[in-house]
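Student: Sharing a structure, written as structure tokens. Questions coming.
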Amino acid sequence: MKQKNNNGTILVVVMVLSWSRVVDLKSPSNTHTQDSVSVSLPGDIILGGLFPVHEKGEGAPCGPKVYNRGVQRLEAMLYAIDRVNNDPNILPGITIGVHILDTCSRDTYALNQSLQFVRASLNNLDTSGYECADGSSPQLRKNASSGPVFGVIGGSYSSVSLQVANLLRLFHIPQVSPASTAKTLSDKTRFDLFARTVPPDTFQSVALVDILKNFNWSYVSTIHSEGSYGEYGIEALHKEATERNVCIAVAEKVPSAADDKVFDSIISKLQKKPNARGVVLFTRAEDARRILQAAKRANLSQPFHWIASDGWGKQQKLLEGLEDIAEGAITVELQSEIIADFDRYMMQLTPETNQRNPWFAEYWEDTFNCVLTSLSVKPDTSNSANSTDNKIGVKAKTECDDSYRLSEKVGYEQESKTQFVVDAVYAFAYALHNLHNDRCNTQSDQTTETRKHLQSESVWYRKISTDTKSQACPDMANYDGKEFYNNYLLNVSFIDLAGSEVKFDRQGDGLARYDILNYQRQENSSGYQYKVIGKWFNGLQLNSETVVWNKETEQPTSACSLPCEVGMIKKQQGDTCCWICDSCESFEYVYDEFTCKDCGPGLWPYADKLSCYALDIQYMKWNSLFALIPMAIAIFGIALTSIVIVLFAKNHDTPLVRASGRELSYTLLFGILVCYCNTFALIAKPTIGSCVLQRFGIGVGFSIIYSALLTKTNRISRIFHSASKSAQRLKYISPQSQVVITTSLIAIQVLITMIWMVVEPPGTRFYYPDRREVILKCKIQDMSFLFSQLYNMILITICTIYAIKTRKIPENFNESKFIGFTMYTTCIIWLAFVPIYFGTGNSYEVQTTTLCISISLSASVALVCLYSPKVYILVFHPDKNVRKLTMNSTVYRRSAAAVAQGAPTSSGYSRTHAPGTSALTGGAVGTNASSSTLPTQNSPHLDEASAQTNVAHKTNGEFLPEVGERVEPICHIVNK
């Protein structure tokens, strides 16, 4: 394959390394080292292979132990190559060869080994087919592939693939890994020629966290291996765990050269967090085994529950002697199917029949714990670190029997990555097949000059041009590896030998499919097995009922703190997953697991505290006892008021009604009626309309009553006080004047109410006396309501003052006394109402009821005190409702005589009459004097004064008692 790398510096460096290696081959000290051991099969196209056949060595690149998985993966590549070469439908006429090397599970050594692939790709330098058998000059290796590497299968460890991919990309050599899962390998800006038949660890990390969440484990420890596999994998896992509220109690890293003390220290740290019973392992298989060994040495009283990545997977040998510690472990393994034909292939292999694999003899000895004596089947590695003769305890082993065969009885089990190795080989094969179809089937024969040019430029073409049977064409040899990777390799899609779909995404990653395994004791047996308990493909599907736990009959917990009960929140202490549970306030709901939030006014949390609901809005209901009582009083008051109005209307022109001052009497009755009706406005559901009625009704209703009473008391006071001082007729005491004065006083209250509505527009509001109550009320502040009644209080106060001033008027003038009694009682009611009203602010029902009853009582006092005497006469003594009534009061007679003589009266009132006047006291017209003593003309000061009494008279042509006529006041009669 023609390389297009023109970077002279890189070429010089590689040439130096290559020549140094040629020199090394001559060095006796390096003869027969592991470097010279490889699997090389000739072919038209050569694929390289990198597998961890041996473990790491101490003081040497490779250790003595042969890994079962490394040998199986190597054999899987050879098996797949055999199938492709024997398949007439794939690359017909073209043979694929191999050049497979051992990485010894070490990234630096793998990089050194990969230089063999690079040197073979240089135009005039191909030493990969040479060897120095006895320290002499290099000779062509017997099984040399005699050609450059077209692509590489491997490595297994992500750390190995990272090193190798950085080198191979410089020479445009594509690489497909069957096992490297580090996330960073998906970065096409760094690894633009790397692909893999397995998914990146990002998906595996998600699968592991899905398992933790499935068991409700929120507090776990993690252990990861040093290197790209463990470090990148655990980084992705920690990120996913943090996003999903899984906390890490202990996070430990296993160094590359860790000894038993390191592993014992890790277990000791895990024991310090006893609540974190779940332990996630993102380690290589050998590290996982040593962790289990350390756990066994610690003799744990409470076992850990292991959750492991595919580094552990479903390997049986990893757990030999540690089954009791590993029991119940849950592992993740790439979803793979058993290739039955590969098992048959492996089971028919023996050291005698598998001479092409130089490490198979070591694998055989390790599997059967025996020693091969036939040197013909053993690799010449007498000086290597893994030499059989150097193995400890070799003398104790028996000689290998010729009848030995691989089988399940001796512990053979198909390695989990076998399918992905085969898929990687087939991916190259199908991509090369498509390239061959595109470049070779339609091209014409090359000219002689072109063939000579390709022979001089391409080592690979020099090789295939000598093979007359090869169907490979020069264009395949000349095709750039990077273009091959992008145009062919990433675009392959096929169904593999296990029946699974194989394809790559644009990052070169395989499909993410995992099996979830549980390590369980076999039924009716002392053995153990991995049992599939679930799968992961874009999500977890797990049957928790089939999980077996270590020394547990029920699913264990792994949490720093137990979950909080419904309606409680977490208060963190120390680690983010450690908390104490605290209750929310009664009016709060659980906003999130750490926060309570106030539901807000008018809302209350449900019993589970997860959300809030709207509280029922409360207001006075018509059927409430608090409404029925004031309504009954109001209805009774309205009925009485209506009766009085009807009686007054029926007796409109009778002396009693006329003497009462009809205009002010009706005005006062209307005010009383308004006050009673206010009860219904106060009890009605608050709306803008009802709130307007409340404001107008209460203030204006009271102002109508007390404006009329003030006008009456003022008129009485003026008349009786002026009568003793002046004979001039008083102004503004006529009915019309009294109505105007009353209306003016009422208008002031109306104006105050209008201003109040402008300053504080009427409306409704919600009142919250406590968190569980929502009361709908009119938007009236208590103080503004009190201020709006200030004017009425002034009217009441003035009325009361006038009532006190007129308390000593003639005995028979009882209406003034009734007005006084009304005002005294009203003051008492209001003085009692104010503290009760403001003291019951938290109980809207009591407050509203108090207000309604207070208003009704004020109206009832006025109604009873002022109108009951008149109603009594109208109903029970209609015969008294006449002009001629007896005046038998001694006080009245003395007062009348004193007034007639111009002397002061016994009541404190004096009167000096002008010519043509007569004296009136007690609201009655008449005297015991003779007609010659009292003129028939009334005094102008007393005109209409009798309107305040229960005896009718008229001035200026209206009804008057005849001179000398005996008249008795009605109030006096009522009082008898």
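From the backbone N, Cα and C atoms, a Cβ is placed for every residue, glycine too.
Swiss-Prot lists these features:
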type: COMPBIAS; residues: 927-946; note: compositional bias 'Polar residues'
type: CARBOHYD; residues: N112; note: N-linked glycosylation site
type: CARBOHYD; residues: N143; note: N-linked glycosylation site
type: CARBOHYD; residues: N216; note: N-linked glycosylation site
type: CARBOHYD; residues: N299; note: N-linked glycosylation site
type: CARBOHYD; residues: N386; note: N-linked glycosylation site
type: CARBOHYD; residues: N491; note: N-linked glycosylation site
type: CARBOHYD; residues: N524; note: N-linked glycosylation site
type: TOPO_DOM; residues: 650-663; note: topological domain 'Cytoplasmic'
type: TOPO_DOM; residues: 715-738; note: topological domain 'Cytoplasmic'
type: TOPO_DOM; residues: 805-817; note: topological domain 'Cytoplasmic'
type: TOPO_DOM; residues: 877-976; note: topological domain 'Cytoplasmic'
type: TRANSMEM; residues: 627-649; note: transmembrane segment
type: TRANSMEM; residues: 664-684; note: transmembrane segment
type: TRANSMEM; residues: 696-714; note: transmembrane segment
type: TRANSMEM; residues: 739-759; note: transmembrane segment
type: TRANSMEM; residues: 783-804; note: transmembrane segment
type: TRANSMEM; residues: 818-840; note: transmembrane segment
type: TRANSMEM; residues: 851-876; note: transmembrane segment
Student: Could you check the glycosylation sites N112, N216, N491, N524 and say which one's CB has the most other CB atoms within 10 Å?
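Tutor: It comes out as N112.
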Student: If you average the pLDDT over the topological domain 'Cytoplasmic' (650-663), what number do you get?
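Tutor: Mean model confidence (pLDDT) across the topological domain 'Cytoplasmic' (650-663) is 81.
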Student: Using a Cβ-Cβ cut-off under 8 angstroms and a sequence gap of six or more, which residues of the chain neighbour N299 (N-linked glycosylation site)?
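Tutor: Sequence-distant Cβ neighbours: none.
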Student: Quick one: of the glycosylation sites N112, N491, N524, which has its CA closest to the CA of N216 (N-linked glycosylation site)?
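Tutor: For N216 (N-linked glycosylation site), the closest Cα among N112, N491, N524 is found at N524.
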Student: How many Å lie between the Cα of N524 (N-linked glycosylation site) and the Cα of N491 (N-linked glycosylation site)?
Tutor: 49
Student: Between the Cα atoms of N112 (N-linked glycosylation site) and N491 (N-linked glycosylation site), find the distance and write it as a whole number of Å.
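Tutor: Taking the Cα atoms only, N112 (N-linked glycosylation site) lies 31 Å from N491 (N-linked glycosylation site).
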Student: Does DSSP give N216 (N-linked glycosylation site) helix, strand or coil?
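Tutor: For N216 (N-linked glycosylation site) - judged by DSSP and reduced to three states - the answer is coil.
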Student: I want to verify one value. Collapsing DSSP to three states, which class is N299 (N-linked glycosylation site)?
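Tutor: SS state of N299 (N-linked glycosylation site) = coil.
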